[in-house]
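Novice: Residues or ranges marked as domain 'Calcium uniporter protein C-terminal' by TrEMBL: 60-262. TrEMBL lists 177-196, 208-226 with the feature transmembrane segment.
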Amino acid sequence: RSWEGAPYSTLVPSDEVAINYRHGLPVITLMLPTRSERCQFTVKPVATTVGAFLQDVQREDKGIVRAEVFATDGTKVSDATLMEVLLMNDFKLVINNTAYSVSPPVKDKLSSEHATELEDIKSLVHRLFVALHLEDHQIRKERELLQKLDYLKGELLPLEQMKARITDSADAKTSRLLWVGLALMSTQGGALAWLTWWVYSWDIMEPVTYFITYGSAMAFYAYFVLTKQDYIYPHAKDRQFLHYFYRKSRKQHFNVERYNKLKDDLAETEESLRRLRQPLHLRLPIQEISDKD
């Protein structure tokens with residue numbers, strides 16, 4: 001169906017229907033036929049359809065019995081068409097027996113202006129959301145972190161007590177081993193002195209002491225081959241302590257892996273809580289809390 005086939009008496013120039021943009025929205029100004037006054041209709045292009053716009057026009061002027069829209073080639077525009085699509089090209093607006101020739105503003109200019117308005121609105125909405133909801137989000141996140149902190153501390157408490165007992169036992173065994181080593185070295189020195197001055201002479205004991213020294217050097221070299229570390233007393237002590245600690249842990253069923261995982265989670269939660277509280281106390285922008293990989 002085309003508007004050319006529909007009866008109308010007048011083709012009104014385009015200046016009788018004006019389209020302007022205010023605050024990013026198109027405002028259509030036209031003359032109401034029975035009220036003989038100009039009326040403005042503000043439409044939302046992405047939400048309003050042609051049918052809804054025509055209904056608004058008919059509700060404004062009860063004397064309008066016919067309201068339709070046609071393309072420039074005479075094809076009737078569906079009522080379900082969005083106004084955003086209609087305003088891309090020229091069209092004919094038929095009200096009762098009068099046809100209005102409408103030429104919307106240039107599309108590129110409208111698109112640029114509309115995009116600028118939308119960006120301003122988005123920026124304003126974002127700032128309002130941050131101002132109204134960010135503090136509530138921070139407080140809720142802080143409460144969640146505190147609950148997680150309490151849970152981790154509760155899980156770690158019995159493990160910490162068991163670890164303290166195992167650590168004390170391993171440390172005592174390591175200390176005893178060190179004292180035993182000192183006692184053996186003292187005994188060896190006293191025996192060599194007794195054999196040298198009271199039983200034999202230095203001529204006899206000199207080869208013995210040489211082989212004892214050489215045997216000690218071989219023992220230190222064997223330690224390096226097995227551990228890939230130099231025989232340094234603090235390192236050797238720590239190595240022996242860990243040996244006793246893990247052996248005692250297996251006997252008492254102490255889960256070292258779970259304990260280390262809980263400690264890492266506790267440290268991460270405390271760091272997240274510290275970073276979250278800093279902007280709350282100083283009124284600074286919140287720092288992003290990244291998830292652990």
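Cβ atoms here come from the backbone N, Cα and C positions, even for glycine.
All TrEMBL annotations are machine predictions without curation.
Source: prediction; values computed, not measured.
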Novice: Are there residues at least 6 beyond the ends of the transmembrane segment (208-226) whose Cβ is under 8 Å from a Cβ of it, and what are they?
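Specialist: Contacts with the transmembrane segment (208-226): 188, 192, 195, 236.
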Novice: Tell me, what is the mean pLDDT of the domain 'Calcium uniporter protein C-terminal' (60-262)?
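Specialist: Here the predicted model's pLDDT, averaged over the domain 'Calcium uniporter protein C-terminal' (60-262), is 82.
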Novice: Quickly jot the same-chain residues contacting the transmembrane segment (177-196) by Cβ under 8 Å, restricted to those at least six beyond its ends, or write none.
Specialist: 202, 205, 208-209, 212, 237, 240
